[in-house]
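Worksheet for the structure shown next.
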C-alpha cells in the first residue's frame, strides 16, 4: 500500500543532532562509523537543495538548547524535523514535550541499531509520537528520513 503524500510541498526541514554527535568520526568508530557530523550535514544540505528544500541543522550537547531550538522551529516555518536525540532518547521528557508542543512532524534517527545494544537503549521517549524511527543504517538513515519527509509532502 502506498503512503499518501501530504497536500503541500515541503520547503523547510530542521535536522537536530543530540549530545556527543559532534564527536562522530572519532568516537567509537566501530559503532558509529568514520563519517563526521560535518560530512552528514553536507550530504543532507546537498540532497535537500537538489530536491528544492531548505535544510537547517543544529547540534548541541545541552538538552535546554535543543528544546529552545525546537521551540524556535515553529515560528521559523519549519515543516518537518529529523532528530537524532542520541542519549536523550532514553531520558528526555523535555524533548518529547517540546516536540509535542510545536506539533511539527518528526522522524527519529539513530546511526546504530539501538535494539542490538544495551537494554537501556531500547526505550525511546520520542518514538511513539514520531512519524517513524530509523536505526542501524548509519549516516544514510538521515538521508532516508529526508527523502521520506520530502516524498510524503509531494516533493
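Start at 1 and count along the chain as shown; that gives each residue its number.
The backbone N, Cα and C atoms fix where each Cβ goes, and this holds for glycine too.
Noted in Swiss-Prot for the protein shown:
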SITE      27  site 'Transition state stabilizer'
ACT_SITE  32  active site, proton acceptor
BINDING   84, 90, 97, 111, 112, 121  substrate binding site
ACT_SITE  110  active site, proton donor
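Put simply, of the recorded positions 27, 84, 90, 97, the one whose Cα is nearest the Cα of residue 110 (active site, proton donor) is 84.
Residue 90 (substrate binding site) counts 16 other C-beta atoms within 10 Å of its own C-beta, drawing on all protein chains shown.
Here the binding-site residues are 84, 112, and the one ringed by the most other CB atoms within 10 angstroms is 84. Reduced to three states, the DSSP call for residue 97 (substrate binding site) is helix. A gap of 16 Å separates the Cα atoms of residue 84 (substrate binding site) and residue 27 (site 'Transition state stabilizer'). Cβ neighbour count for residue 111 (substrate binding site): 23 (other Cβ atoms within 10 Å of its Cβ, all protein chains included). In this structure, the C-alpha atom of residue 97 (substrate binding site) lies 29 angstrom from that of residue 27 (site 'Transition state stabilizer').
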